[in-house]
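**Student:** Can you keep this structure in mind? I'll have questions shortly.
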Amino acid sequence: MPMTLGYWNIRGLAHSIRLLLEYTGSSYEEKKYTMGDAPDYDRSQWLNEKFKLGLDFPNLPYLIDGTHKITQSNAILRYIARKHNLCGETEKEKIREDILENQLMDNRMQLARLCYDPDFEKLKPEYLEGLPEMLKLYSQFLGKQPWFLGDKITFVDFIAYDVLERNQVFEPSCLDAFPNLKDFISRFEGLEKISAYMKSSRFLPRPVFTKMAVWGNK
C-alpha cells in the first residue's frame, strides 16, 4: 500500500521529502491541499481534515505509512532515510548530520520570514548582504567531498539541495563564488531518479511559498 504525503499544492517544506521519496523509489501518493485567494486565503480543504487523520500533532506536511503517521518535515525525512540506509553511520557523520540539519532549517526559515514579511522590499537588501557569508560556511563545510557527510549521499543532502537551490532562485548569482556548491547542485540534479522526476509532470518547483507570501507565491 503506497504511503500518503499530505501538503499544500506548493514546493514549501515538501520539496526535499518529494525528492527523497523519488530517489528511494518509494511507492507514494500525494494529497495536495489548495489554499484560497486573497483576502481570506481559505484553508478549509486542510482544516476540514486536520483533526480527522489520527495525527499526534496535526500539521502539514504529514506522511502516513500504514499505522505510522508522522508530522514535522525532518521527522518525515529521517523516517524515509532510515528505511533506505541514508543516514550518517559513524559518530562524526551523525554529528555533522545533526548540525547541518538544524543549520539548514534556520536558514530556510530566515528566507521564509523575509518572503512573508510585508516589508519585504525594505528588508531584502539586508538578507542579500548576509547571503555570501552564509553560503561561505556551507561551502567550507562541504569542502571537496561530493556530499555533505562524505562519499555517501544522505537525507541532509536533500535538505541542503532545497535550501541552496531556492536561494539560487531568489538570487541567481549567489552561488557563483562557490564552485563546490554549484557542483553539488549539478551532481544532485544529475542523479538518475532525480533527473527523471524533474522532467516529469509530478515535479513541483514553484510556487515556493503559499499565496500569502510577498515573494515566491507564483
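FYI, residue positions are counted from 1 along the chain as it appears here.
Glycine too: its Cβ is placed from the backbone N, Cα and C atoms.
Note that the structure is predicted; figures quoted are calculated from it, not measured.
As listed in Swiss-Prot for this protein:
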- Y7, W8, R43, S44, Q45, W46, K50, N59, L60, Q72, S73: glutathione binding site (BINDING)
- Y116: substrate binding site (BINDING)
- 2-88: domain 'GST N-terminal' (DOMAIN)
- 90-208: domain 'GST C-terminal' (DOMAIN)
- S27: phosphoserine (MOD_RES)
- S44: phosphoserine (MOD_RES)
- T210: site 'Important for substrate specificity' (SITE)
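What's the neighbourhood like for each of these?
**Tutor:** Classification of L60 (glutathione binding site) by DSSP places it in coil, neither helical nor stranded. Residue density at L60 (glutathione binding site): 19 other Cβ atoms are found within 10 A of its Cβ, drawing on all protein chains shown.
Sequence-distant neighbours of Y116 (substrate binding site): residues of the same chain at least 6 apart with a C-beta under 8 Å from its C-beta are F209, M212, A213, V214.
Just so you know, the Cβ of S27 (phosphoserine) picks up 10 other Cβ atoms within 10 Å once every protein chain is counted.
Within 10 Å of the C-beta atom of S44 (phosphoserine) sit 13 other C-beta atoms, taking all shown protein chains into account.
The C-beta environment of T210 (site 'Important for substrate specificity'), restricted to residues of the same chain at least 6 apart in sequence and closer than 8 Å, consists of W8, I10, G12, M35, Y41, N217.
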**Student:** What is the maximum Cα to Cα distance, in Å and rounded to a whole number, among the residues Y7, W8, R43, S44, Q45, W46, K50, N59, L60, Q72, S73 annotated as binding glutathione?
**Tutor:** 22
**Student:** Taking the Cβ of K50 (glutathione binding site) as the reference point, list residues of the same chain whose Cβ is under 8 angstroms away and which are at least six residues distant in sequence.
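**Tutor:** Once residues fewer than 6 apart are set aside, K50 (glutathione binding site) is near P58.
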**Student:** Reported in the order helix, strand, coil, what are the DSSP residue counts of the domain 'GST C-terminal' (90-208)?
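**Tutor:** Tallying H, G and I as helix, E and B as strand, the rest coil: 83 helix, 2 strand, 34 coil.
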**Student:** Y7 (glutathione binding site) has how many other Cβ neighbours within 10 Å of its own Cβ?
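**Tutor:** Y7 (glutathione binding site) is surrounded by 24 other Cβ atoms within 10 Å.
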**Student:** When the number of other CB atoms within 10 A of each residue's CB is tallied over all shown chains, which of the binding-site residues Q45, S73 has the maximum?
**Tutor:** S73
**Student:** Taking every residue in the domain 'GST N-terminal' (2-88), what is their average pLDDT?
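**Tutor:** Looking only at the domain 'GST N-terminal' (2-88), pLDDT averages out to 98.
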